[in-house]
Amino acid sequence: MSKISNSGNESKNTLYCSFCGKSQHEVRKLIAGPTVFICDECVELCMDIIREENKSSGVKVRDGVPTPQEIIAVLDDYVIGQQHAKRVLSVAVHNHYKRLAHQSKSNDIELAKSNILLVGPTGCGKTYLAQTLARIIDVPFTMADATTLTEAGYVGEDVENIILKLLQAADYNVERAQRGIVYIDEVDKISRKADNPSITRDVSGEGVQQALLKIMEGTIASVPPQGGRKHPQQEFLQVDTTNILFICGGAFAGLERIISGRGEKTSIGFSATVKAPDERCVGEIFRDLEPEDLIKFGLIPEFIGRLPIVATLEDLDVNALMQILSQPKNALVKQYQRLFEMENVELAFHEDALRAIAKKAIERKTGARGLRSIMEKILLETMFELPALEGVQKVVISSDVVDEKARPLYIYSERAEDKENVSA
């Protein structure tokens, strides 16, 4: 009977980990807190989670400021080509960090920010660069669409909504939001509707440019605490936009014609000079961009003045699109291969198939943005049939499949072939 009572006392005195439930005899170490215990295995698991989160932040920070080389190295993992634009962005973000660090130490010289304008043809990676940048920096980052903005008082979003989104990205921490970065996409869509100022009100064009001037330069923006419409009785959060870095991007369709025709004099008659059309690609023409071209396009001079750095992006050729399909960490080919892996099937693309897909995207003039729709069309029937098929081990895509001259090649496992022979 004494043995039973001793074992009962032992079980009462045994300590257990509050997280995994293991006893002190099953682990090497049990650490005691005020009311809880944690074992060495759970501590190690917590450390692994923290290490993984630190890795996913992407940019290694040295003395609090990531170098341009460190930023561009991470961008290179996701974005193919566009080295000039990546250099501009990495230097701008690096200087943004430095400016914030400088302000906390000294007030003798005020460092002004240099907002950026990204100009490039559609599908060349402007928006994707900004999205990738958002993943790798540790300051609040938000993206806004200029096409949804209108002047205050009209149906649509006010420009203050951009600051509200940044505030939400900072978990309503005003101090962190004031150190953030804003990317405004489709900024070419808010250009003035005519070269000359109009008598009628342009609430979604020039009016939005006028409204953006102050927040881009620096002002105290009044933002509703939890979003929604402004009410007179509502208390607002005051956000200083002086240190917020603004990056704007747009395709500027038709701007190449303005650049090519710059300085031309119109003449008629038999003695008129006939100039051959500019055969350069859009990206090459954009390299000759001047502020006066943007003014002629429809941006007001004050708005252009708030964007001192202009970075032009290049057209993507066949080789660049082939690399985009297969090389980046989240390349389209890798994404579809992962989808097929879930069906225990290997997906393979011939090099000529990737070239044919790239050529189709160039013919459609959609750039990298059009690659997914082409891939979906190629693989639609296969993705429909595959879950119902047994024994498919590999699917091979050739250039004939892309050109709709053949079906994808299905390679079956030996077991599936044996079953077919037996049933026959």
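The count begins at 1 with the first shown residue.
The backbone N, Cα and C atoms fix where each Cβ goes, and this holds for glycine too.
Residues annotated as Zn(2+) binding site in Swiss-Prot: Cys17, Cys20, Cys39, Cys42. Residues annotated as ATP binding site in Swiss-Prot: Pro121, Thr122, Gly123, Cys124, Gly125, Lys126, Thr127, Tyr128. For 5-58, the entry in Swiss-Prot reads domain 'ClpX-type ZB'.
Structural mapping of features recorded in Swiss-Prot.
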| residue | record | DSSP (3 states) |
| --- | --- | --- |
| Cys17 | Zn(2+) binding site | coil |
| Cys39 | Zn(2+) binding site | strand |
| Pro121 | ATP binding site | coil |
| Thr127 | ATP binding site | helix |
Checklist entry - Of all the binding-site residues given, Pro121, Gly123, Gly125, which residue's CB has the most CB neighbours within 10 A? => result Gly125
Next on the checklist: Residues other than Pro121, Thr122, Gly123, Cys124, Gly125, Lys126, Thr127, Tyr128 within 8 Å, Cβ to Cβ centroid, of the ATP site?
Outcome noted: Gly120, Ala251, Leu313, Gly367, Ala368, Arg369
Checklist entry - 10 Å Cβ neighbour count around Cys124 (ATP binding site)? => result 27
Checklist entry - Compared by Cα position, which of the binding-site residues Pro121, Thr122, Cys124, Lys126, Thr127 is the closest one to Cys20 (Zn(2+) binding site)? => result Thr127
Next on the checklist: Cα-Cα, whole number of Å: Cys124 (ATP binding site) versus Cys42 (Zn(2+) binding site)?
Outcome noted: 46
Checklist entry - Whole-number Å distance between the CA of Lys126 (ATP binding site) and the CA of Cys17 (Zn(2+) binding site)? => result 51
Item to check | Which same-chain residues, if any, lie at least 6 apart from Thr122 (ATP binding site) yet have Cβ under 8 Å of it | outcome: Ala251, Ala253, Lys365, Thr366, Gly367, Arg369
Checklist outcome for this item: Among the binding-site residues listed as Pro121, Gly123, Gly125, Thr127, Tyr128, the Cα nearest the Cα of Cys17 (Zn(2+) binding site) belongs to Tyr128
Checklist entry - Once Cys17, Cys20, Cys39, Cys42 are set aside, which residues in the chain still have Cβ within 8 Å of the Cβ centroid of the Zn(2+) site? => result Ser18, Phe19, Gly21, Lys22, Val27, Leu30, Phe37, Ile38, Asp40, Glu41, Val43
Item to check | Fewest-neighbour residue among binding-site residues, criterion Cβ within 10 Å, set Cys17, Cys20, Cys39, Cys42 | outcome: Cys20
Checklist outcome for this item: Close in space but at least six residues away in sequence, with Cβ under 8 Å from that of Thr127 (ATP binding site), the same-chain residues are Met143, Tyr183, Asp185, Gly249
Item to check | Proximal but sequence-remote residues of the same chain as Tyr128 (ATP binding site) (Cβ under 8 Å, at least 6 apart) | outcome: Tyr78, Val79, Ala368
